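A.B. asks: One structure is given below, represented as structure tokens, and several questions about it will come after.
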Amino acid sequence: MQGQQTTVFSAVLGSLQYGYSLGVINAPQKVIEQHYGRSLGVLPEEPLLLSENGTGTEKQEVHPSVVMYWSLSVSIFSIGGVVSSFLVGFVGDLRGRVKGMLMVNVLAVIAGLLMVLAKMWKPHVMVIAGRCVMGFYCGEVSSYVYREIAPMAYRGSLGTLHQLAIVTGILLSQVLGLEFLLGNDYYWPLLLGLSGAPAILQSLLLPLCPESPRYLYIKRGMVEEAKNSLRRLKGEYDPSADLEEMRREKEEVEKEAQVSIAVLVRSSLYRQQLFVALMMHLSQQLSGINAIFYYSTAIFEKAGVTQPVYATIGVGVLNTVFTMVSVALVDRAGRRTLTLIGLGGMCICAVAMTVGLVYLRVYSWMSYVSMSAIFLFVCFFEIGPGPIPWFIVAELFSQGPRPAAIALAGCTNWTSNFIIGMTFPYIEALCGSYVFILFAVLLFGFTVFTYLRVPETKGKTFEEIAAVFKKGKKPGTRKTGTETGTGTGTGTSTELEQLKSDSQA
């Protein structure tokens, strides 16, 4: 059991690092923009004084070139993730899970060094390069370890643990980003560079972790080594049941041919599942949540909050608390139910946020409406739309198409993350106080889509889920045994012939 705790903690460090990298760019925005401006020659060499609220000199006009490089600094993290989303698990399959993670940790250390040394050259170039490399690292290590060490009954909860570690990383970055800690003119490179620190700790712990039993048994066919790894993970016990589960999984892998990304996209057999998977990831990113994570300090300042940095930390605390709530609920209430509640609540909050911002100058108390709406927006996100898309893809697809589906979903997630990070400052400048109405419309559409098209996957086999898509029944209903069949999840002969014809098209 101690081996399992060490392994889970090591995996958590990768997710913590991802969350830290997401949130760290928020609080020191004004300070870093001043360094960009001086490096680009559009600001004087003397640093501008920060205002009392710690967000920068008020009414200070930001040069368009600084806005562009800042937006790129925020969003380039996602470009690295887009590239590595197609390589998820490649190094792990090649060298093993433990050695693979040790190898990719080198990237995180390089990224941290680029950012911590940002003042030694052109800060905008160093930060952009560092965040791009960090994004590549985070996209490669995203959470595949959880799926391999989690018991069947707790895969939803351990999948949500990935999101809990992310939001904890975001909160840690917000606290360290306070001006009297590291979010100031002197220490901001260290604040950014610390995003590589979890990789160093993880590298020290990984040699103490056993290799993934599933990798050893299913990928390498090493039965005895898998048995020893299980005992290192769980202590002295009879591993027969776990080995039998892996044997059946290995048989399914061997029966079902691996489906490439090109075949998956063209195949009508998996089209509905793929559409649902991609829409789930789009709903996560186009909900506007990363606009809150990346730019919450500026949003709170606009909403009339006198201490926006502390309000941002409040968002991080709620973020963490409600992710814990999701961990407790996801294997009880179900994926579809929590996603519907989350998206619907976020839609209402986006409307309330807009009303508060529009009428702020008329009624001073509207600042409380805006702030409350932002807090609730984050709470609803963490109930369902935040954690669930990360693991529901694996539940929608059987062994053959699953790696390709996860790669496409990851690419969609990172690409939409980039679009929001890059364009939000410009959209906000264009729409002003009405900017969150755009997200409200999108959220309403995603809520309707989830109700009509997304099935409940909790406690269901691949056969039952496939039958929901094939028969077109209401997503929330469960199929009977006669409707779902008792196959292995590889499809009927007609379906296999359809897949072959699609791959040859």
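Counting begins at 1 with the first residue displayed.
The backbone N, Cα and C atoms fix where each Cβ goes, glycine too.
All TrEMBL annotations are machine predictions without curation.
The following feature annotations were taken from TrEMBL:
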type	residues	note
DOMAIN	7-458	domain 'Major facilitator superfamily (MFS) profile'
REGION	473-505	region 'Disordered'
TRANSMEM	67-90	transmembrane segment
TRANSMEM	102-121	transmembrane segment
TRANSMEM	158-180	transmembrane segment
TRANSMEM	186-209	transmembrane segment
TRANSMEM	274-297	transmembrane segment
TRANSMEM	309-330	transmembrane segment
TRANSMEM	337-359	transmembrane segment
TRANSMEM	365-383	transmembrane segment
TRANSMEM	404-427	transmembrane segment
TRANSMEM	433-452	transmembrane segment
A.B. asks: At a threshold of under 8 Å on Cβ distances, which of 67-90, 337-359, 365-383 pairs most often with the transmembrane segment (404-427)?
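C.D. replies: The stretch with the most close Cβ contacts to the transmembrane segment (404-427) is 67-90.
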A.B. asks: Mind checking which residues of the chain, 6+ beyond the ends of the transmembrane segment (274-297), have their Cβ under 8 Å from one of its Cβ atoms?
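C.D. replies: Beyond its ends, the transmembrane segment (274-297) has Cβ neighbours at 22-23, 25-27, 29, 55, 74, 170, 264-265, 308-309, 311-312, 315, 339, 343, 346, 350, 374, 377-378, 381, 385-386, 388-389, 392-393, 396-397, 405, 408-410, 412-413, 416-417, 419-421, 424-425, 428, 435-436, 438-439, 442-443, 446, 449-450, 453-455.
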A.B. asks: If you count every Cβ pair below 8 Å, which range out of 102-121, 186-209, 337-359, 365-383, 433-452 shares the most with the transmembrane segment (158-180)?
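C.D. replies: Top-ranked stretch among 102-121, 186-209, 337-359, 365-383, 433-452: 186-209.
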A.B. asks: Can you work out whether the transmembrane segment (433-452) touches the transmembrane segment (337-359), with the criterion being 3+ CB pairs under 8 Å where the paired residues are 6 or more apart along the chain?
C.D. replies: yes
A.B. asks: Near the transmembrane segment (337-359), which same-chain residues lie under 8 Å Cβ to Cβ, leaving out any that are not at least 6 residues past its ends?
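C.D. replies: For the transmembrane segment (337-359), the list is 280, 283, 287-289, 302-303, 326, 329-330, 366-374, 376-377, 379-386, 388, 433-437, 439-440, 443-444, 446-447, 450-451, 454, 456.
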A.B. asks: Within the domain 'Major facilitator superfamily (MFS) profile' (7-458), what mean pLDDT does the predicted structure show?
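C.D. replies: Summarising the domain 'Major facilitator superfamily (MFS) profile' (7-458) by its mean pLDDT gives 82.
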